[in-house]
Each structure stands twice: as C-alpha cells, then as structure tokens.
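TrEMBL lists 63-83 with the feature transmembrane segment. Annotation source TrEMBL lists region 'Disordered' at 206-235, 500-522. As annotated by TrEMBL, compositional bias 'Low complexity' applies to 216-226. According to TrEMBL, the feature domain 'FtsK' maps to 254-436. If you look up TrEMBL, you'll see 272, 273, 274, 275, 276, 277, 278, 279 marked as ATP binding site.
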Ligand SMILES: Nc1ncnc2c1ncn2[C@@H]1O[C@H](COP(=O)(O)OP(=O)(O)OP(=O)(O)O)[C@@H](O)[C@H]1O
C-alpha cells in the first residue's frame with residue numbers, strides 16, 4: 001500500500017526535548033557567538049552600505065558636517081561635468097546607482113511581507129522544546145537592472161518553486177511594488193527575471209527610424225525619372241540590403257530597443273481592431289523595404305481590398321497593385337505560379353532563396369485579408385483565393401514569395417490559415433481571448449493584455465521574439481503622409497510605371513540631400 005503522504009516525510013511533530021543543564025557562561029558564550037555570526041553575515045550582505053556609512057562617519061569625525069556637505073556638493077558637480085562631457089559612460093553608472101537605491105528603499109523594504117503574503121516564501125515548522133516556531137526561507141534578489149521605466153530583478157528560486165508559481169503572483173507583486181505592469185520571465189533554471197514596468201515608455205508616437213541606404217547611392221530626389229542612381233549599387237551594398245530584409249525596422253520595443261520584423265523567410269500577420277494602427281505597421285514595413293525595392297531586390301505585390309484607400313499612396317513603389325477581388329485573385333494566382341517555377345529551379349540547390357535583381361524577393365501585401373477569406377460572395381473567386389493563399393503561406397517562404405497581411409478579426413472562421421504565419425503581431429483587440437488566438441495559448445497570461453491597450457495608443461501591441469514565449473510590448477513608428485510621400489519619391493524604382501506620383505515638391509529643399517531630410521524626419 002502506498003504511503004498516505006507519498007514520498008514526502010511528515011514534518012516532525014514538536015516534542016518537549018529533555019532538559020539539559022548548561023553552565024551560564026556557556027550559554028552567554030553561545031549567545032554572543034551567534035550574535036557575532038549574524039553581525040558579520042549582515043555586514044557582508046550589506047557591505048556597500050556598511051562601508052559607505054563607516055566612511056561617512058569617519059569623514060564627519062575628521063572634517064565635520066560642513067566638510068561632508070562640501071564633499072557631496074563636489075560629487076554632484078563631478079557627476080554633472082561627467083554627464084555633460086561623456087554621457088555614454090555616465091549613464092550606466094548613474095543607472096546602476098539608481099538601481100541600488102531602488103533595491104534598498106523599494107524592493108528590500110517590502111520584500112519579506114510580499115513573499116509571505118504571496119506564498120513565495122517557504123515556512124517550515126520547527127520545534128524548540130517548549131514551542132513550535134517556523135523557519136522562513138525567502139527567495140533572494142541576486143541583481144537588479146533599472147532604467148527610466150523598468151526595473152528587472154533577477155531572483156533565485158527556492159527549492160521546489162517553479163517560474164509558473166511566480167507568474168501566477170505577478171498581479172499581486174505589481175500592486176505591492178506599485179508598478180504599472182509586472183512580467184515574470186523564466187531563465188533556463190534556478191532563476192526568474194521579474195520585470196516591473198513603472199512608466200509606459202510608449203505613450204508618445206515613435207518616429208520612423210533612419211533608412212539604411214547602405215551603398216551610398218543615395219535617394220532619387222523628387223522622383224526624377226530616367227537617371228536612377230540605384231543602377232550603380234555595389235554588391236556589398238546589396239548584401240547589406242539583403243541582410244536587412246531579415247530585420248526590417250518598424251518601431252520601438254518597451255525597453256527602448258528597435259522593433260524589427262523579418263520579411264525574408266517569413267510571413268507576417270498583423271491583427272488588431274479597427275483603428276488599432278495596423279496601417280502604421282504595414283507602412284513601417286513598406287517604408288523599411290523601400291531601399292531594397294529601389295535596388296531591385298524586392299518586388300511589392302500589393303492587394304488593397306478596401307479599394308486602395310489605405311495603400312494607394314505608395315503605388316509607385318509597387319510592382320503590382322490590385323484593389324478588386326478579381327484582380328487580387330489574378331495577382332495571387334500569378335504569385336503561386338512564380339513560386340512554383342522558382343521552387344522547381346531552386347530545388348536541390350538551396351534551402352532559402354537569396355534575392356537578386358533577376359529573382360527578387362516577392363512580398364505579397366494584403367490589407368484586411370478577411371475580405372478575401374471570409375467576406376467574398378463570388379464562389380468561384382473565393383475558391384481561387386482560398387486555394388492560392390494557403391499555398392503561398394505553406395510553400396512560399398523558402399523560394400522567396402512571402403505574405404504580409406493585416407486582419408481585424410483573428411478567429412479561425414475568418415482566417416482559417418492563421419497558424420501558417422510564423423510571425424504575428426497583436427495590436428489592440430476587443431476581446432480577452434484574441435491575444436491568445438494571435439500569439440498562441442498562454443500569451444495573455446504571460447502579459448499580452450491586448451484588450452487593455454488604450455484606444456489613445458494606436459500602433460501599440462505585443463509580439464513574440466525568437467522563440468521566447470514571453471510577449472514583448474512594442475509600438476509601431478508613425479509613418480505619416482508626408483513621410484510616405486518622401487519615401488515614394490526617393491525610392492521608387494526606375495522601372496516604376498508612370499501614372500500617379502505624389503507631389504512632394506513642398507517637402508524637398510532644392511539643394512538639400514533628400515536622405516538628410518528623411519533622417520531628420522526620423
Ligand atoms: N503608430 C502610430 N502612432 C501614432 N498614431 C498612430 C499610429 N498608427 C496609427 N495611428 C493613428 O491612428 C489612426 C488609425 O490608424 P490605422 O488607420 O492605421 O488603423 P487600422 O488598424 O489600420 O484601422 P482600420 O482597420 O480601420 O483601417 C491613424 O489615422 C493615425 O492617426
């Protein structure tokens with residue numbers, strides 16, 4: 001018969017220990033020894049604070065309080081000069097000091113009660129002859145990294161604890177430490193990183209990043225036809241452009257780093273309610289791809305089922321542009337046949353197509369893909385589109401025919417092949433389960449609260465990065481009409497069909513380098 005308590009031993013039942021008579025001097029010696037050991041341990045744990053306090057006292061003893069005031073004033077002055085002269089080396093030290101201060105005055109002060117009340121401390125019953133007591137074990141904060149808006153604590157798990165147990169308490173911890181949001185990230189073993197977001201670093205619109213015109217050929221001012229400088233692009237410049245297709249800059253992550261999306265070798269789905277800012281992610285990608293379009297390494301095949309309302313402004317950059325259901329069906333069929341021809345050529349030679357001028361990366365962009373999958377009434381067209389899209393999504397990555405699509409409603413009934421998009425972005429949603437539909441089960445629990453994104457923050461959303469299951473909060477850069485006009489004028493390919501070209505003359509100085517203008521806009 002298996003034991004009632006499994007393999008775990010029952011805690012020892014407190015018993016009254018036999019009394020042992022010891023001489024008083026031995027008792028005093030033991031108490032003094034224990035006190036000394038505790039004092040040494042405390043000093044070692046708080047060595048920086050102890051050293052600072054002793055140093056301060058010695059200084060006051062030698063030079064008086066006035067001397068201490070002069071010393072502090074001098075330190076502040078040195079800090080200011082250092083900041084002005086060499087900010088790059090000043091800030092890491094300043095943030096380190098700020099982190100130590102927050103550790104001492106915020107986290108360590110409330111750590112023990114927080115751990116007890118969230119059940120993250122372990123209490124073991126122990127007996128001392130006369131009474132039952134508890135030995136308490138607290139998770140230790142091993143390091144802290146602070147910035148303007150985030151504190152990251154690296155905490156060592158107690159034996160038997162799991163990162164999931166910590167993730168469950170994230171909301172409680174957020175309230176204890178008065179943070180706006182708390183996320184728990186697991187390390188491979190023994191440690192979790194508890195991230196407290198104090199301020200929202202994404203409340204202000206993000207300016208678009210400078211475009212990498214890496215071969216120095218420069219843009220084409222005002223879209224001057226004819227003599228296109230891209231025709232002299234160097235092969236190293238082309239290499240940089242091809243590499244850039246794996247990380248197209250579209251905005252900023254919550255920690256201040258650049259948010260990029262891969263286009264080469266991947267399909268991208270952008271999901272969000274109406275007004276969530278899907279357009280800014282799409283335009284961010286189109287803008288980021290523009291230098292490669294100009295170099296002939298990328299072809300944009302754009303479908304705008306909204307009749308061209310959203311994307312027509314970029315038309316000179318597009319190799320193909322379709323706005324009606326039947327022309328979109330033709331475009332998708334052509335993309336499938338290009339993909340199949342290319343697959344036949346590449347089979348056995350390479351596992352991932354490298355864009356060249358002869359065989360560029362084809363990016364099929366679809367705004368509101370649900371108009372093609374769920375809301376098409378013509379059965380024949382619906383069948384054609386329903387056959388082409390899954391083919392592109394399941395086979396197009398390797399031969400370089402990729403899909404970038406936006407959708408409002410991410411449910412399976414609306415977008416049956418949602419899971420064929422390896423990269424997915426969840427902008428503001430209307431329902432609680434939608435973040436999980438887009439990013440995968442458990443994403444909301446790990447922090448992707450897409451339905452809580454305020455309407456006032458279009459372009460804010462969540463993404464998953466590099467197989468990491470913890471969602472990252474991001475904001476797309478705001479690409480306004482002026483910026484679109486500049487990019488179209490600067491990067492439209494030499495072969496662009498005539499037709500309509502946006503009038504950007506107002507945005508360009510005659511004698512200025514148009515790329516400078518772009519950078520300034522960024
Ligand atoms: N990244 C952003 N930063 C700041 N403002 C933005 C951003 N993206 C969009 N906006 C603002 O929000 C408005 C709505 O954005 P957008 O049209 O891109 O939403 P959408 O998700 O495409 O909506 P719909 O599905 O209705 O077309 C824009 O007109 C713009 O003013």
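For all residues, glycine too, the Cβ spot is worked out from N, Cα and C.
Note that TrEMBL annotation is computational and uncurated.
Around residue 277 (ATP binding site), the same-chain residues at least 6 positions away in sequence with a Cβ under 8 Å from its Cβ are 427, 428, 458, 459, 460, 461, 476. For the binding-site residues listed here (273, 276), the lowest count of other CB atoms within 10 A around the CB belongs to 273. Only 272, 274, in sequence order, out of the binding-site residues 272, 273, 274 have a CB under 6 Å from ligand 1.
A simple way to gauge crowding: the CB of residue 278 (ATP binding site) has 27 other CB atoms within 10 angstroms, across all the protein chains here.
Listed in sequence order, the residues 408, 427, 428, 458 complete the 8 Å Cβ shell around the ATP site centroid, once 272, 273, 274, 275, 276, 277, 278, 279 themselves are left out. All protein chains shown were included, and the count of other CB atoms within 10 Å of the CB of residue 275 (ATP binding site) stands at 12. Per-site Cβ counts within 10 Å over the binding-site residues 272, 279 peak at 272. The local packing around residue 274 (ATP binding site), expressed as other Cβ atoms within 10 Å of its Cβ over all shown chains, amounts to 9.
Model confidence over the domain 'FtsK' (254-436) stands at 90, taken as the mean pLDDT rounded to a whole number.
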